[in-house]
Amino acid sequence: MIHFILGGARSGKSRFAEQQTLELSVKQGKQTVYIATATAIDGEMGSRIIKHQHDRGARGESWQLIECPLALAETLTDLDNNKIYLLDCLTLWLNNQLYAVHEDNRAQQRQHLQTEIDTLTSCLAAVNADIFIVSNEIGLGVIPMGESTRLYVDYCGWLNQKVAELSDKVTLVTAGIPLCIKSNGE
């Protein structure tokens, strides 16, 4: 089962995904695994990561942690269906992929992003474990001025569409309120 959870910045999507993961874990008696894609590229991002970790710990939640800023497809091929997974988040992973290739070579960046997205979605299509996937919905705002930001927004939108298509359930979280926008079999 793939449950894809979208939302804007500070929408409550990560907390909702954590709650859903833990509820299913308790129901099925399985261990929870947190697949984190964020990297502390600056002090503010480091603080965000620490806050997420602290919040989970303060609630007494026990998660196995896999840090995976780039090699996400490889990680997804090794999922154990006796565990419940939370992947947070696809947009940070895509950002990491964007800057894995030098910014001066747009054609190479585009090719790299497309290859990584295709590989990731192929791996997701083969996943047998239960996984909750978090991503930002960033396409609702104004069109960015910078070429690199437009490229990122475009590929985020395409990635989200592909993952939503593969997902059994898709939830949009806005202002902390989840809205189911796709549900297969429920």
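Every residue, even glycine, has its Cβ placed from backbone N, Cα and C.
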Annotated companion of Gly7, Gly8, Ala9, Arg10, Ser11, Gly12, Lys13, Ser14, Ala36, Thr37, Ala38, Asp88 at the GTP site, TrEMBL, chosen from Glu61, Glu67, Glu103: Glu67
Long-range Cβ environment of Ser11 (GTP binding site), under 8 Å and at least 6 residues apart: Val173, Thr174, Ala175, Gly176
Integer Å distance between the CA atoms belonging to His52 (active site, GMP-histidine intermediate) and Ala9 (GTP binding site): 14
Starting from the Cβ of Gly7 (GTP binding site), draw a 10 Å sphere and report how many other Cβ atoms land inside it. 26
Residue among binding-site residues Ala9, Ala36, Ala38 with least C-beta crowding, 10 angstrom cut-off: Ala9
Long-range neighbours only, meaning 6 or more apart in sequence with Cβ under 8 Å: which ones does Lys13 (GTP binding site) have? Ile5, Leu6, Gly7, Val134, Asn136, Val173
